[in-house]
Amino acid sequence: MADLKSPSAAPSKPTEVPEVSKETLQQWEAEANDDKDDSQVKLGGYLLKLADSDVDREENSQKAIHWLVQASKQGNDDATKQLGKCLKTKTGITSENREDVQWCVDTSNFEKKVRSASRGLFNTLSGTHQKVMSLEEYITAVKKVSGGDVLEEKLLIAAGKKIGDNISETEFAKVLSKKIQGKITLTSSEKDSQSAEYKSAGIITKVIKHPKATAMVLFDEGLEWVSDEGLKFGMSLIPTNQLYLLGVFFLYSFISTKLLFLVVPLIVFYIAIAIMVISTLQMFYKSKKLRDATAMANVLKNYDVGVNVDDTKSQYTWNSLTPYLIYFGALPFLIVSFSLANKLFIPCSELMILSGALSAVCFSALSDSHDLITLMALGCNFLASLPTFFHAFPDIPVITPILHLVTGSFFSIELGYGFSLNFGIPSLSHIVIGIFFIVMAMQKSFSGVYRVLVPHLICYFWWNFMTSLFPFTSWTGLARASIGYLFLPLLFPFILLAVIGGFLYCLYYLFRTELFGKVIITLLMLAVPVLLTQTKALFGKKTDKQYKSVKTIVMVVFGVLAFIPLAFIRLPSFKVKGKLNLSWEDYSSICVNRLANNTAPSQMQCSHFIGQKVVWEGTFVGAKVTKIENSVAPLLSSLPGFIADQLRCIYGEDFGDCDSDEITENEKHVCQLMKAAGRDCHLKKHDTFSFSANVEMPDSVMLSLDVGDAFKAVIAALEEGDKVKVTATLHDGLGTKSLHMKLKNINCVSRELPVMELIDEEDDDEIIEKAMNEAVTVAFNFFWYPLVEYAP
């Protein structure tokens with residue numbers, strides 16, 4: 001450093017600067033050069049005061065920043081605070097030192113002390129204070145310094161091997177800091193080292209030494225060129241909207257509300273369970289690394305007394321909370337999807353054994369504390385689960401009353417609206433668990449929240465999920481699952497072969513079906529516009545990282561808002577409603593027998609029954625088609641003829657042999673006419689029909705039924721005069737002789753029809769209401785049973 005200038009050299013002093021002798025300044029500078037942070041802070045503070053007094057303001061402020069940065073990197077709080085003030089006032093901040101100052105302000109003192117201790121350890125290992133060591137020199141030095149400590153030697157050698165053949169002080173400090181904390185804050189030199197090296201390298205060196213970075217650059221540049229103006233002309237020649245709509249309608253033809261409620265919950269369930277299992281495995285890995293970090297902190301403690309082992313555990317645990325957050329985020333989806341999913345498609349026995357094993361391993365491996373409180377919480381959790389395990393226990397004299405005393409409720413209080421408050425050993429245990437959780441969180445100055453409580457919550461929720469699975473298991477299933485897990489290492493090759501064989505068989509079976517060809521053709525057509533319009537999104541165009549978190553938050557908010565209407569559209573009323581069975585006799589006595597020339601009074605009185613579901617019997621009169629919809633045909637008509645004809649045969653059906661004995665004369669005539677016109681295929685199987693059917697009731701009342709496409713086979717099979725039983729909802733015309741209804745189900749009671757009649761058309765809102773109610777029930781009981789039970 002250049003000699004410090006005395007304040008007396010300045011022509012004027014706006015603020016007073018304390019007098020410091022020349023000998024003291026020289027002593028401070030010498031000690032600062034020896035990396036003594038106290039002297040660096042004193043020297044930096046003095047230089048800042050000189051700058052504030054307009055004594056060589058720019059030069060002294062930059063020197064002050066230099067010394068304060070050096071002190072802050074050693075974990076000095078005063079230096080960091082002064083740098084924060086300088087950053088706000090721009091005092092001494094230049095383009096060269098801005099990033100270093102920002103790093104000092106943003107980085108925790110714990111990480112700085114770890115880095116400082118790591119540099120001290122590196123200097124001890126290097127001996128000659130060389131900046132770079134070879135791996136062989138490093139391993140030899142570690143064996144000398146470790147003094148026979150096997151764990152210390154193993155960890156340090158592993159850190160060196162991770163760096164590479166040449167070990168520098170900077171890389172050594174960075175790797176050790178990451179091992180101890182779980183993450184690091186990169187300095188400006190660390191951020192720019194690779195990019196600067198890559199930019200300064202020649203073309204051949206870039207290809208040989210940095211093949212990955214070179215490939216990414218060429219890939220991005222190539223995509224940018226491909227995605228430019230040239231594609232716009234090609235896209236204008238492709239009917240993208242028609243292709244998109246064709247794919248949508250193809251999928252829509254297979255989708256129904258019942259299908260969605262069968263498939264979607266299963267998909268969400270398996271995704272959620274996979275995420276939770278992977279997150280739990282990541283927790284085990286982080287727990288193992290925490291032990292390594294603790295051992296490494298014990299090593300560095302010899303080089304910097306500021307490195308605290310307990311702080312190391314807290315810091316590493318805090319930095320490793322991501323798997324826990326992911327786990328808790330996936331948990332609600334698991335609970336709701338499990339309540340909605342068809343349990344026949346879920347291996348409940350296998351998942352129960354897995355959940356129990358994960359719960360046990362989480363208890364023993366994740367938390368760093370297993371005191372009396374945690375053991376008591378585990379015991380209470382077991383007691384609270386007993387009602388589920390012994391719910392279907394057989395009635396055995398003496399044993400059953402004792403079990404009921406332990407697992408049942410002494411008494412229950414009905415709270416109304418389906419809620420009941422239970423009092424018994426399990427419910428009291430459930431209350432105590434919450435108290436124990438609060439005590440866990442208060443341990444170690446509330447660092448117990450993430451060091452003790454959160455790991456035990458993982459154990460707790462895996463256990464609760466296991467108890468939720470138990471009612472859907474059997475003893476034979478549990479035995480099968482237990483034996484299967486025990487022999488899994490031996491059976492794994494055979495299981496893998498069986499899975500591959502099953503996949504190939506399914507693929508072979510699909511190849512033989514007509515549906516597979518349609519799916520492939522649809523996907524290929526959809527791929528054309530997608531690949532041509534979304535090249536940047538699909539092939540790695542870098543996103544704007546500055547707004548990444550904002551975009552994520554907005555997406556989550558809108559996702560939550562999208563589900564809010566579902567929660568309130570069809571929630572069941574708090575008032576328990578009685579079921580109204582409106583027979584034809586009741587309706588007739590109220591709305592038919594009093595018919596006169598003036599039907600207005602009856603119509604007004606009977607309007608109370610609008611929307612009511614009824615089951616009546618009458619005589620089928622006839623039916624007619626009121627509407628035919630075909631969403632595919634208009635799309636194919638907008639395509640060129642040579643394409644439309646091929647797609648019409650792919651998505652439709654061939655007219656077949658017009659002389660076949662299996663078709664009627666009228667069908668033969670139509671077939672011949674269409675083939676004569678050059679039309680070999682048709683799209684009639686994509687037609688959706690709406691019918692109007694008439695059923696005559698007593699008192700000359702005619703029911704006009706709106707019939708959906710699901711009943712077309714039944715409607716076609718019915719004949720005039722058939723006695724039918726209809727289930728429908730009243731819509732219009734109540735109080736008159738022409739009653740308008742929407743059909744839910746129809747059965748012929750006078751004869752057996754040659755088609756299936758068991759069709760019960762359930763409204764979408766009824767399906768959603770039932771699913772939402774079941775999801776709320778399971779989710780509530782998952783967290784509150786056996787203390788409070790919800791059974792609507």
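Every residue gets a Cβ built from N, Cα and C, even glycine.
Automated prediction, rather than curation, is the source of TrEMBL annotations.
What you are looking at is a predicted structure, and each value in this text was computed from that prediction instead of being measured.
Per TrEMBL, these features apply:
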- 1-24: region 'Disordered' (REGION)
- 259-285: transmembrane segment (TRANSMEM)
- 324-341: transmembrane segment (TRANSMEM)
- 348-366: transmembrane segment (TRANSMEM)
- 372-391: transmembrane segment (TRANSMEM)
- 423-441: transmembrane segment (TRANSMEM)
- 448-465: transmembrane segment (TRANSMEM)
- 485-508: transmembrane segment (TRANSMEM)
- 515-532: transmembrane segment (TRANSMEM)
- 552-571: transmembrane segment (TRANSMEM)
- 584-685: domain 'Wolframin cysteine-rich' (DOMAIN)
- 687-790: domain 'Wolframin OB-fold' (DOMAIN)
Inset, instruction - Any chance you could find the range in 259-285, 324-341, 348-366, 485-508 with the most Cβ pairs under 8 Å to the transmembrane segment (448-465)? - result: 348-366
Inset, instruction - Take the domain 'Wolframin cysteine-rich' (584-685) and count its residues per DSSP category (helix H/G/I, strand E/B, coil), listing them in that order. - result: 50 helix, 21 strand, 31 coil
Inset, instruction - Grab the same-chain neighbours of the transmembrane segment (485-508) for me: Cβ-Cβ under 8 Å, and only residues 6 or more beyond its ends, written as numbers and ranges. - result: 350, 353-354, 357
